[in-house]
Structures are given as C-alpha cells and as structure tokens.
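Features reported for this protein in TrEMBL:
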| type | residues | note |
| --- | --- | --- |
| TRANSMEM | 28-46 | transmembrane segment |
| TRANSMEM | 53-71 | transmembrane segment |
| TRANSMEM | 77-96 | transmembrane segment |
| TRANSMEM | 156-174 | transmembrane segment |
| DOMAIN | 167-307 | domain 'O-antigen ligase-related' |
| TRANSMEM | 180-197 | transmembrane segment |
| TRANSMEM | 204-222 | transmembrane segment |
| TRANSMEM | 290-315 | transmembrane segment |
| TRANSMEM | 327-343 | transmembrane segment |
| TRANSMEM | 349-368 | transmembrane segment |
Amino acid sequence: MKPVALLMISVSLFLSLASKRRFSKGAPLKYLFCAFVFLIGFSFTYTGDRSAFKNYIPYILAALVIVLFEYDDYFYSIFYKLFNLFFWIFIASMYLELLNPGLFRSVFSFLSLGKNLVVRSTDGVAIAGLAFEKADAAFLCNLGLGVLFAKIFNRGLNLSQLFQLGIVFGALMMTGKRTLFLIPLVSIVAFALFFSRSHRVAKAMAVLLAVFVCLAVTYTFVPQVSLVFERFLADNGDPLSGREVFWTYAMEMFRSSPLLGEGFLSFNAYVNSRGFLYYGEPWQFQAHNVYLQLLAELGIVGLLLFVSMLAILIFGFGRSAKKDPNIFNLTAFYWAVLIAIYSMTGNTIYYACQLMVFAVVVNIYLKYISPREGYSK
C-alpha cells in the first residue's frame with residue numbers, strides 16, 4: 001500500500017472525527033455519491049484487475065469519509081488558507097525545477113515516492129515541480145487559477161492579481177497539457193459573462209485581454225512556456241494524441257457488459273490482454289476519458305451516477321454563485337467544471353489527488369448549497 005494512501009485516509013478520518021459533529025443528513029447528492037462508491041466496491045467481485053483495485057481502496061475510503069462527515073466554517077477557512085500556502089510552494093517548486101533542475105532533484109527527490117523526476121527543462125520535457133507528473137501539475141495549476149478567478153470576480157482585478165495570473169499561467173504552460181491550458185482561458189470569459197453584474201461582454205474582453213498580456217509578458221521572461229504551443233503545433237493531424245485507440249477498447253468493454261461494466265480499474269488489464277504495448281511496456285495510464293472508462297468498467301449505471309453528480313454540482317454552484325458570487329461558491333464552481341471538462345480527455349477520478357478534489361467539492365456543496373437537505377446545523 002502506498003504511503004500517500006495511508007496518509008490520505010488517516011488525515012481524512014482524523015479531520016472528520018476532530019470536527020466533533022454528527023454524520024451528514026441525507027441529500028440527493030450524498031446518496032448518489034454513496035451509490036457510486038457502493039457500485040465500485042461491488043465491482044470488486046468481477047473486476048479483471050483486483051491488484052490495482054486493492055491499491056486504490058484507501059483513496060476511495062478517504063473520499064467517502066470526506067463526504068460522510070461535515071466540517072464547520074472554521075475548518076473551511078483553515079483549508080482555504082492552507083491550500084493557498086501549499087499552492088504557492090508548489091508553484092515555486094516548478095520555477096526552481098526550471099531554473100536549477102539539479103538543486104530541485106537533490107532537495108525534493110525524497111518526496112517523489114518512486115516517481116521518475118522530470119528535471120530536463122531545456123530539451124522540451126515538461127516541468128512538474130512537486131507534483132512529479134505533468135498532468136497532476138497542470139491540474140493543480142488549474143485549482144489555483146480557480147481561486148484566483150474567484151478573487152478577481154469577487155474583489156476586482158488589480159496589478160497583484162495580474163502578476164499572480166502570469167506566474168500561474170506560466171507554470172501551467174510549462175506542463176505542456178493542452179486541455180488544461182484551454183479550460184481556464186474559456187472559463188475566465190464564461191465567468192465574466194455569467195457572474196458580472198453589468199457590461200458583461202466588455203468585462204469578458206477586458207479580462208481576456210489582461211490574460212493575454214500576462215501570457216505575453218511571461219513568455220518574454222520564461223521562454224519555456226512555449227511548450228504548450230509546441231504541442232498544439234506538433235499534433236501531426238492527431239489532436240487526440242492517439243486516445244481514440246483507448247476509447248475503442250473502452251467501447252468494446254462496454255458492449256460486452258453494458259449494464260454494470262467489467263469492473264472498476266479493469267481497463268488497463270483489458271488493454272494489455274489485447275496485446276497493446278506502450279514503448280514495449282504494458283499500458284498503465286487508463287483510458288484518458290473518464291466517461292468512456294466508467295461506461296466500460298461500471299456500465300450505464302456507473303456513468304449515470306457520475307454524470308448526475310456533476311450536473312447537480314455545476315448547476316447548484318452556478319445558481320448559488322449567480323446570486324452570491326463569493327469566493328467559496330466561485331472556486332467550487334470552477335473546480336466542478338474543471339473535473340467535468342477534463343474528464344473528457346483525462347483520468348480525473350482515477351488519480352488520487354483529483355478524486356480527493358471531487359470529494360471536497362461534493363462536501364462543500366452539501367455544506368453550503370443544500371444546508372436544509374444536507375448537513376444539520
């Protein structure tokens with residue numbers, strides 16, 4: 001069992017018990033989440049890869065604990081402050097890796113937990129910092145951008161926030177992740193259109209212009225941010241980067257068991273059983289489309305549960321942010337949209353970090369958006 005798994009479930013359980021509050025009351029979103037976890041657990045009886053499933057159990061349990069317990073306002077205040085602190089430490093680590101890869105490796109290699117360190121920044125290799133993996137790094141950058149966007153639309157735009165946007169966008173671009181680069185560009189315009197009180201189009205254009213100015217300035221001082229553009233230009237007519245191969249495998253699995261699927265985390269084993277190799281090695285990186293992979297592994301039932309949860313989160317946070325565009329509402333709304341969109345080309349809930357974010361977003365919804373049917377006061 002991975003050390004981070006033990007740490008994650010221990011921290012989640014400790015924080016939940018330390019809140020000294022009761023379990024949450026019933027709410028449709030909570031029932032859907034519990035049903036989703038139950039289906040995942042039930043699929044252990046027929047999954048094609050029980051070894052991978054066992055390794056992932058602690059993450060599922062940690063996510064379940066986060067949703068089942070309630071937390072008070074003080075906890076969320078501390079969580080918000082700690083997130084900001086650790087986020088900027090993470091961003092600093094990305095620039096340290098860029099400027100001095102050797103120093104980064106010597107200082108932080110013990111935190112990699114067996115992952116290969118990405119330290120070659122001068123030959124086109126992505127920068128990941130303390131995430132040690134470019135997809136996780138880009139996802140974390142997006143989480144921070146969600147907080148920055150919320151501050152901008154709650155408090156107004158200033159030079160300090162423009163500077164922060166430039167730094168974070170620069171870090172995001174160094175990961176080379178195209179989808180995760182486009183999501184915040186589209187989202188910041190959507191924020192201006194939907195959450196501004198007046199002059200929406202003008203504000204949307206002004207904010208977008210400010211972002212492009214930040215990108216231009218960042219590129220002037222950090223040329224390595226061009227990696228994301230190089231990936232756009234180097235797709236060789238294949239913008240999906242070969243993902244359609246895995247999506248075909250996912251549909252094959254779905255057709256063989258459409259109702260409940262082939263079992264959670266069985267996709268890699270299925271692909272490898274078909275003789276697929278990635279640079280001579282077995283495939284270990286999922287389907288790069290959560291919706292299709294859930295359809296393959298948990299069938300129509302699993303997919304409907306997941307999509308229903310996302311729909312409730314997005315519409316619920318959207319309505320709430322429209323009436324009261326506070327930082328918590330706007331941040332959670334962006335995080336929910338991020339998970340929904342990135343699930344089309346990424347692995348979201350199949351990565352521990354991103355699964356925990358999903359659980360936190362569900363918990364925030366139950367706490368603040370549906371207090372009457374969610375948590376007791």
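Placed from the backbone N, Cα and C atoms, the Cβ positions cover glycine too.
Between the transmembrane segment (77-96) and the listed ranges 53-71, 156-174, 290-315, the one holding the most Cβ pairs under 8 Å is 156-174. Segment contact is absent for the transmembrane segment (327-343) and the transmembrane segment (156-174), given fewer than three CB pairs below 8 angstroms at sequence separation of 6 or more. Highest Cβ pair count under 8 Å relative to the transmembrane segment (180-197), across stretches 53-71, 156-174, 349-368: 156-174.
Residues 4-5, 8, 24, 27, 29-30, 33, 56, 59-60, 62-64, 66-67, 70-71, 76, 131, 135-136, 139-140, 143, 265, 286, 290, 293, 306, 309, 312-313, 316-317, 320, 328-329, 332, 335-336, 339, 343, 374-375 of the same chain, all 6+ positions outside the transmembrane segment (349-368), place their C-beta atoms under 8 angstroms from a C-beta of that stretch. If you look at the transmembrane segment (290-315), the same-chain residues 6 or more away from its ends with a CB under 8 A from one of its CBs are 28-29, 32-33, 35-36, 39-40, 43, 47, 247, 249-254, 257-267, 270, 332-333, 336-337, 339-340, 343-344, 346-350, 361-362, 365.
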